Amino acid sequence: MGTFLGHIIPGLAFTIIGIWHTLNTIKTYKLKGPSNFTSSTWFPFTSTTPVTIPKHSELYLLLSFSAAAAAVQILDYPLLSLSFKPDNYEHATMFLHLAAYASVALAVDLSASPDALRSLVGTLAASELFLLSFHSADHVGLEGHYHWLLQLVVASSFLTTVATVGLPSSFMAATVRSASVLFQGCWFVVMGFALWLPRFLPKGCYSTESGSGTGSGSGSGSFMSAVACRTEEASRRATALANLQFSWTLAGIAVLVAYLCLRTDSKCVEYRRLRSGGGDVSLISSPGGEDLKQSQPSV
């Protein structure tokens with residue numbers, strides 16, 4: 001993953017998944033209301049076009065992407081030879097956990113408890129956080145700071161996933177979890193541009209493949225850094241810029257999520273269950289604001 005595309009492609013994948021989950025979490029909450037809302041770890045596709053889209057398209061795409069990404073890491077693309085680098089296997093393990101989750105989600109869709117699936121997602125986030133924290137290639141300098149900020153985002157995904165296991169009806173936990181996945185994707189993209197494109201490097205810093213002998217203070221090839229800074233002042237400036245990028249990304253995602261939560265969807269139909277005369281009544285709020293009641297006998 002130590003390339004521009006190695007950060008951009010997974011980043012775009014996480015971004016798409018994060019946006020998809022955020023939109024569907026908010027939509028589900030608006031449709032079902034606070035009393036009937038339950039968080040979900042994946043969302044089925046519902047096609048409104050003549051073209052039929054499989055219900056499990058999200059899981060199929062996630063499984064395919066994860067398996068392909070893991071294979072690329074193990075085969076050390078573009079060399080296409082079996083890699084024995086520990087960091088490649090660590091990256092492949094992260095993708096294999098995603099593939100395992102997608103496979104289990106497909107298997108348990110109709111038979112198992114959703115709580116078990118939420119627990120599996122929590123294990124996935126915990127594994128990613130563990131591998132990032134104890135990476136065999138101990139990133140130093142500016143790249144190490146970007147990875148440390150990434151660990152904060154992954155930690156939030158883990159904590160909110162654990163929260164949804166105990167509080168499956170918590171809209172806040174489900175929304176923050178979805179937004180954290182979006183944040184991971186956006187931050188991967190930021191890292192790809194900030195660390196692997198020379199034109200976007202901070203002033204006073206330069207691109208390098210290894211911290212050994214390049215001014216990053218490492219005497220071992222295991223201490224990797226994509227960027228080295230010539231002076232301490234340049235290093236502090238680059239770190240401050242990374243903090244600003246992190247804050248700006250967080251603010252942008254917060255504004256987006258707030259907009260989606262507050263936006264009034266004229267096509268959204270809200271169902272509420274009422275008790276009336278011993279029967280269930282569905283209150284349907286039409287786009288024009290007219291309430292239509294449909295009685296259903298109690299069973």
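Just so it is clear, glycine is given a Cβ too, placed from its N, Cα and C backbone atoms.
According to TrEMBL, the features are:
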TRANSMEM  6-23  transmembrane segment
TRANSMEM  59-80  transmembrane segment
TRANSMEM  148-167  transmembrane segment
TRANSMEM  179-197  transmembrane segment
TRANSMEM  245-262  transmembrane segment
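Here the transmembrane segment (179-197) does not touch the transmembrane segment (59-80). Their Cβ atoms form fewer than 3 pairs under 8 Å, with each pair 6 or more residues apart. Within the same chain, residues 1, 9-10, 13, 17, 42, 88-89, 91-93, 95-96, 98-99, 101-103, 105-106 sit at least 6 positions outside the transmembrane segment (59-80) and bring their C-beta atoms closer than 8 Å to a C-beta of that stretch. Sequence-distant contacts of the transmembrane segment (245-262) (same chain, at least 6 residues past either end, Cβ-Cβ under 8 Å): 22-23, 26, 149, 175, 179, 182-183, 186-187, 190, 194.
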